[in-house]
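Trainee: Before we start, here is the structure in question, set down as structure tokens.
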Amino acid sequence: MSGRQALLKSQCWVVKIGSALLTNDGKGLDKASIALWVDQLVWLREQGIEVVLVSSGSVAEGMTRLGLTQRPSQLHELQAAAAVGQMGLIQTYETEFKRYGLHTAQILLTHDDLSDRKRYLNARSALKALVGMNVIPIVNENDTVVTDEIRFGDNDTLGALVANLVEADALIILTDQDGLYDKDPRRNVDASLISEAQADDMSLDQMAAGGSGALGRGGMVTKIRAARLAARSGAQTVIVGGRIDKVLCRLREGEALGTLLLPNQERQAARKQWLAGHLQTRGQLVLDAGAVSGLRQKGRSLLAVGVKSVSGRFRRGEMVACVDEQGNEVARGLVEYDFFDAAKIIGLPSDQIESVLGFINEPELVHRDNLVLV
Ligand SMILES: Nc1ncnc2c1ncn2[C@@H]1O[C@H](COP(=O)(O)OP(=O)(O)O)[C@@H](O)[C@H]1O
Ligand SMILES: N[C@@H](CCC(=O)OP(=O)(O)O)C(=O)O
């Protein structure tokens, strides 16, 4: 399945709404538009699509609330504006989703949260749990604690990393242009819209060279880069105009709006390759024959009950090798428990984990989504 067809079948969307759109041309949050996007996000949920929202707008809203006419240049002022503005942003979404009786959750992330494996797994479990509870997670960068070096800066990158995190099928980037044009449409009246391309097509880069608008941070450069990052876990990206009437519903129904940027591999293969990129094992789990066949033949997760021994000094979220009793490697995966805890629960059914450890991270020792067969 390729192209727009895949969107019809997709199950999980990360929708990113950029500053350029959200902030009513610099005059505070565009609440009327936010209400319309919320209507559409709720409609997507009703179609059975899991939705995670990545929303910018905290700095712009903070500027309005603090009466600043120019985006601050000093980091501490930017952080202060973001902290003030994030309140208004979340308040607005909370009010709009409440119309439908839906709860929202605020998730503020930094680059560190997603590069540290333990925090990565924690963020993943929390987001998945929220989505499972029919809550709409609203993600933004944690502007108050980040410094220059670790800032995502733009939320396109954050959107892509969240798409990797929740293994979304689609990253939808809503912006103030109808999509990616062959040159900046603000400066070139003859620019034409690119309807579909491979995310890794390098000729896209020069089309995006025009920079960003006055309110946005990354322009199209970071959107194309985001599409490439999202493609690592097999997600498609659509860059599309957020002001197009019922844009999200129409995309779901297969209408060819905006620019579709495709991953160059099938989702499963991309996901496995992405995991493989993280491989550097920190320990070893020896599996019994039942667990080996569960992983190999049935594509199951690894449960503690099927593990005979552990070695190494791994921590939760690190990569471990899973070997059979003869020492042959069967798979590698991200482990859900630290070495000392894993050693205590091997051989036990999952419903005994809590009584032995006093807590439970996950019922699996290695979840099948985090497992690559060797
Ligand atoms: N080839 C291009 N096609 C479309 N927009 C482009 C292109 N090159 C640069 N741009 C600029 O990118 C802007 C959108 O990016 P940005 O301002 O960062 O918005 P956002 O806040 O939505 O991320 C557009 O307003 C446009 O001026
Ligand atoms: N965290 C910042 C977002 C940065 C930003 O504006 O990004 P983008 O929407 O990608 O141009 C904020 O909420 O203002």
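All residue numbers here begin at 1 and follow the chain in the order shown.
Here the Cβ of each residue, glycine as well, is placed from N, Cα and C on the backbone.
Owing to the predicted nature of the structure, the values given are computational and were not obtained by experimental measurement.
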Trainee: Of the candidates K9, K16, K27, which does TrEMBL annotate as part of the ATP site that also includes T175, D176?
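Mentor: That ATP site, as TrEMBL gives it, pairs T175, D176 with K16.
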Trainee: Nearest by CA distance to N155 (substrate binding site): which of the binding-site residues is it, out of K16, T175, D176?
Mentor: K16
Trainee: Can you list which of these binding-site residues (K16, S56, D143, N155, T175) have a Cβ closer than 6 Å to ligand 2?
Mentor: S56, D143, N155
Trainee: Do you know offhand how many angstrom separate K16 (ATP binding site) and S56 (substrate binding site) by C-alpha?
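Mentor: Computed Cα spacing between K16 (ATP binding site) and S56 (substrate binding site) is 8 Å.
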Trainee: By the DSSP assignment reduced to helix, strand and coil, which category contains N155 (substrate binding site)?
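Mentor: Going by the DSSP assignment, N155 (substrate binding site) falls within a helical segment, counted as helix.
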